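Trainee: Okay, these came from TrEMBL:
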| type | residues | note |
| --- | --- | --- |
| TRANSMEM | 270-300 | transmembrane segment |
| TRANSMEM | 374-391 | transmembrane segment |
| TRANSMEM | 411-441 | transmembrane segment |
| TRANSMEM | 453-474 | transmembrane segment |
| TRANSMEM | 505-525 | transmembrane segment |
Amino acid sequence: PVAWLEQTLWSLGLEVHQQPFARTLPFPDETRERYMVKGTNVYGILRAPRAASTEALVLSAPCTPGPHNNQAVGLMLALAAYFRGQIYWAKDIIFLVNEHDLLGMEAWLESYHDVNLTEMRSPGTLGRAGAIQAAIALELSSDVVTSVDVAVEGLNGQLPNLDLLNLFHAFCQKNGLLCTIQGKLQRSDWDSVPAYAHSLQTLLLMVLAQASGRPRGDHGLFLRYRIEAVTLRGINSFRQYKYDMTTVGRMLEGMFRKLNNLLERLHQSYFFYLLPSLSRFVSIGLYMPAFGFLILVLVLKISSGGTKGVGEVGGGGGGGGAKPAFLQQEPRAGLLALVPPVLVSQAAGLALYCLPVLGQHVATQHFPVAEAEAVVLTVIAIYVAGMALPHNTHRVLPGAGSERGWMALKLVALVALALQLGCLALLNFSLGFLLAATMVPAAAAVQPHGPRVLLAGVLVLSTPAVTLLLGIFLERELLEVPAGASEGWQLFLAAVGEGLLQHHLYGSFLYPFLALCAYPAWLLLW
């Protein structure tokens with residue numbers, strides 16, 4: 001209701017603007033039945049009476065057709081009316097109502113910062129406040145709340161500064177609100193075995209959510225611009241304690257007053273952490289060594305393989321006429337033999353990245369499927385077909401099938417995998433750890449000798465696609481809503497399509513990393 005929102009915000013004494021936007025999706029989003037998306041964002045700016053417009057805070061509420069999230073919009077308007085009567089604000093406050101959830105938020109953020117990262121079509125924002133210091137996205141499904149759940153995972157696994165979480169937790173406790181993370185309420189008997197199991201369950205849910213690279217709320221796109229943000233969701237369950245909007249409003253007002261007093265950006269606390277509960281965290285200094293030990297396995301295998309290769313070239317007994325010829329010809333044949341499998345693996349990864357979206361119209365012309373189904377099925381077809389491509393490349397050149405040939409190929413695969421996982425863990429630890437935990441044991445064990453069927457089975461289980469499928473089943477188990485085989489497969493197909501869509505719409509690097517890095521490295525091992 002654009003006209004009504006503008007009129008209401010204007011009547012509260014705010015500076016009101018609207019921003020139309022449009023975005024054509026790379027392929028139809030069948031879950032939300034949209035392809036060409038058009039919408040309008042409405043926002044009002046409360047200018048700080050005590051300072052120049054150099055800094056700002058944001059309170060946002062997504063608005064979609066129907067009653068969903070109406071309570072959040074109502075509470076936001078009530079807070080705007082209350083904030084307007086106060087004189088202590090030192091930062092501008094932006095009250096934003098965005099349409100189409102993440103798409104609307106991305107359009108607004110790009111226009112506000114005058115950038116175009118995702119081919120969004122928008123005339124730009126007419127009104128600006130100061131540099132945004134922090135943001136809170138509000139989602140309420142009912143006018144009665146039993147608990148408030150906080151979502152922290154942003155795009156590509158980015159996390160807000162831990163102090164923002166501490167601020168939320170402190171004001172929930174001050175106002176007597178139950179607060180949860182990952183939908184889990186902290187147990188009071190925190191030092192018991194069931195409490196440790198409960199905390200582990202919460203931590204694993206965060207690891208899976210962060211590894212997906214998907215924003216778990218509108219706040220997830222703010223983090224790209226170094227703006228600390230969280231999404232707060234009001235939950236109405238069957239718990240005994242219930243709170244009205246006044247209590248939630250007090251909590252939000254307290255948070256904004258604290259953020260209003262900031263003299264500098266939040267930077268003192270951690271940006272890299274895992275949360276078993278809202279009152280305890282695991283810092284990067286504790287969880288990074290676990291990943292380091294996994295990478296150490298690859299480093300030891302690389303060093304042992306390189307030493308063995310040098311020994312084979314340098315050793316071999318006393319003088320003989322044939323040794324100079326071996327030293328001159330065999331190494332070149334071995335290095336040249338690495339070219340076909342490396343090129344084929346990289347070509348398969350490139351096809352997996354480019355062809356599904358480019359070839360969707362060809363697929364729909366020849367097969368009775370929709371565009372979204374064609375994209376997902378093309379991804380699966382290329383993924384499975386790639387397993388057959390490098391299988392016979394050892395026959396192309398002499399020396400490739402020798403002992404030194406496969407050792408050199410494995411050395412290349414191990415180096416590539418170690419570098420990729422090491423870089424990934426610095427950007428998204430959870431994703432790097434899950435891939436390392438599944439791929440490193442198989443990479444260390446694989447060789448052309450021994451029980452081939454067993455090793456092939458281990459390799460198949462370590463492929464990124466199987467890791468995704470197992471992650472889906474694990475998440476449903478942790479949420480205590482287990483999925484059957486058929487439902488799990490449907491969720492897997494939806495996750496593949498969603499990952500590809502998230503990359504094209506918001507710049508998520510999960511799909512390109514798996515297609516261009518992890519999959520080719522796995523093919524070299526295969």
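Cβ coordinates come from backbone N, Cα and C, glycine included.
Please situate the listed features within the shown structure.
Mentor: A Cβ distance under 8 Å defines the sequence-distant neighbours of the transmembrane segment (270-300), meaning residues of its chain 6+ beyond its ends; these are 150, 152, 159-162, 165, 168-169, 179-181, 184, 186, 190, 199-200, 202-203, 206-207, 414, 417-418, 421-422, 425, 429-430, 432-433, 436-437, 440-441, 443-444.
When Cβ-Cβ distances below 8 Å are used as the criterion, the transmembrane segment (374-391) is approached by residues 27, 340-341, 344-345, 348-349, 351-352, 355-357, 359-360, 363-364, 367, 465, 493, 496-497, 500, 519, 523-524, 526 of the same chain, each at least six residues removed from its ends.
Below 8 angstroms of C-beta separation, residues 204, 208, 211, 383, 434-435, 438-439, 441-443, 445-447, 482-483, 488, 491-492, 495-496, 514, 518-519, 522, 525-526 of the same chain, each at least six residues beyond the ends of the transmembrane segment (453-474), sit close to that stretch.
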